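What TrEMBL annotates here:
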BINDING   7-12, Asp32, Arg37, 85-89, 126-127, Glu161, 272-275, Arg342  NAD(+) binding site
ACT_SITE  Cys272  active site, nucleophile
DOMAIN    328-444  domain 'UDP-glucose/GDP-mannose dehydrogenase C-terminal'
Amino acid sequence: MKVCCIGAGYVGGPTCAVMALKCPDITITLVDKSAERIAQWNSEKLPIYEPGLDEVVKKCRNVNLFFSTDIATAIKEADLIFISVNTPTKTCGSGKGRAADLKYVESAARMIAEIAQSNKIVVEKSTVPVRAAESIMHILRANQKPGIHYDILSNPEFLAEGTAINDLLNADRVLIGGEETPEGHQAVEKLSWIYEHWIPKKNILTTNTWSSELSKLAANAFLAQRISSINSLSAVCEATGADVSEVARAVGLDSRIGSKFLQASVGFGGSCFQKDILNLIYICENLNLPEVAAYWQQVIDMNDYQKRRFSQKIIESLFNTVSDKRIAILGFAFKKNTGDTRETAAITVCQTLLEEGAKLDIYDPKVEPEQIIDDLTHPSVTESPENVKKAVQIHSDPYSAVRATHALVLCTEWDEFVDLDYKRIYQSMMKPAYIFDGRKILDHERLQQIGFHVQTIGKKYQRAGLLRSWGIVPQL
Ligand code: UDX
Ligand code: UDX
Ligand code: ADP
């Protein structure tokens, strides 16, 4: 069998790599319109950072996994084509800011229709609105050449960045939606056969196409909702003296609720959660279900509130002014173990501090410096990119980032931040020295003993100075 995948990004790349690893009898060609991206996939430095991905790509590349810009040949030769192009939120026109922009999916479908000379199974892997498969089908059938048959399947990807390889190798489930016709069933069987190379058949779920499309949006909406739920309680904790970690633990031990995805934070980010919920909201509004739309909108509103609340807390703690103060930002990616910054909470935090006149010293172990500058100078973030460039310095080392700063703001939960030498950091900072832990990963008691003023999410700390006056904090 020959497989082609259109779109060599965060989804297409790892998915095809693992598929190639597990299916030596299948040839997979991953194509992209970006020649630069394909060149990177063919080089020593892959275009995305994902733990374990390098090894898998090295094993399969040019054996049964190929990266190419020759989209036409790959489509022509393939029996089965995955579409894994990006589906960003629309930035103009009707549905602006909410609806998914399907222009890349549509252009991929048109290309298939134009080039195909034999039967194809077309699989939508990108997250799309419910009934998108129908649109793809319309395009393909309207341009169908005689004797060519198309089957459209929905096969949403549930991998999370940072753990993509493990998620793909040990997927909780694989979901395949297809048409309820004999041809549709056959197409589902063919795709299922690929996954059966490594996923137990009982974990391969088949549904109708619409259920499959909606399940992907629903799964992301549920996950995001849990984070907004615990984040809403973090505000209550800070106001009352409860500790959100204790609350999350107590709640999560109820087996009906479960303990995962209850980590209060500065706010969720990533390319999927916000986009998919906005998409769900847009669909609900179009289906005249305003109550449902309002319900899910609240998950996004709570996330925005959390990001704002954390940023405001930094400013208030620093005597209500950060103008010309140096502030270190540790972590810029939307979560650890990825270099991806899409929708990262760090952008909101930096934007707020920059608007207040702060100077930022930013360090992230994997995000490229140009990416940080691009994000912070984007027209949606600032009207004066030149001023932002002057106010931001990117560092390749955390100790250089924190030197002579008034505060350290931790935005991403990278493991390496836990083990930094905080005594050394304290000594190199301005006093009073503040730490704002947006991920709740640091040892706050120890930091207070060193002399830091510590603020975090969902727990109120006494000021270090106050503790010291009680003789609790040893002097350095
Ligand atoms: C609830 C909590 O489960 C329990 O831990 C707490 O101590 C008291 O409140 P209870 O109200 O007795 O217990 O019953 P529960 O099984 O939680 O059901 C509550 C309502 O939710 C019922 O009307 C039930 O029919 C409904 N429900 C429950 C659903 O509609 N769907 C579900 O999936 C589960
Ligand atoms: C998510 C889904 O998990 C995945 O199934 C889907 O295919 C794509 O979207 P991803 O966005 O890559 O994956 O990462 P995820 O681990 O879900 O984290 C999303 C955001 O939520 C991150 O910013 C993360 O830091 C945050 N988060 C996660 C929390 O703040 N608290 C938590 O308890 C969990
Ligand atoms: P995701 O996180 O969904 O994988 P990415 O932006 O990382 O999204 O990747 C999507 C990829 O799809 C990009 O590399 C983009 O160049 C590619 N792409 C978009 N439209 C097309 C198209 N019509 N043909 C080929 N590649 C495309």
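From the backbone N, Cα and C atoms, a Cβ is placed for every residue, glycine too.
Predicted automatically and left uncurated, TrEMBL annotations should be read as such.
Taken in sequence order, the binding-site residues Tyr10, Thr89, Glu161, Gln274 that lie near ligand 3, meaning a CB under 6 Å from one of its atoms, are Tyr10. For ligand 2, the nearby recorded positions are Glu161, Cys272; that is, of Gly7, Asp32, Asn86, Glu161, Cys272, these have a C-beta under 6 Å from one of its atoms. For the domain 'UDP-glucose/GDP-mannose dehydrogenase C-terminal' (328-444), the model's pLDDT averages out at 98. Between the C-alpha atoms of Thr89 (NAD(+) binding site) and the residue listed as 'active site, nucleophile', the distance comes to 10 Å. The DSSP breakdown of the domain 'UDP-glucose/GDP-mannose dehydrogenase C-terminal' (328-444), given as helix, strand and coil counts, is 42 helix, 20 strand, 55 coil.
Sequence-distant neighbours of Asp32 (NAD(+) binding site) (same chain, 6+ apart, CB under 8 A from its CB) are Ile6, Gly7, Ala8, Gly9, Gly12, Ile38, Trp41, Phe67, Thr69. Within the same chain, residues at least 6 positions away in sequence whose Cβ sits under 8 Å from that of Asn86 (NAD(+) binding site) are Gly7, Gly9, Tyr104, Ser126.
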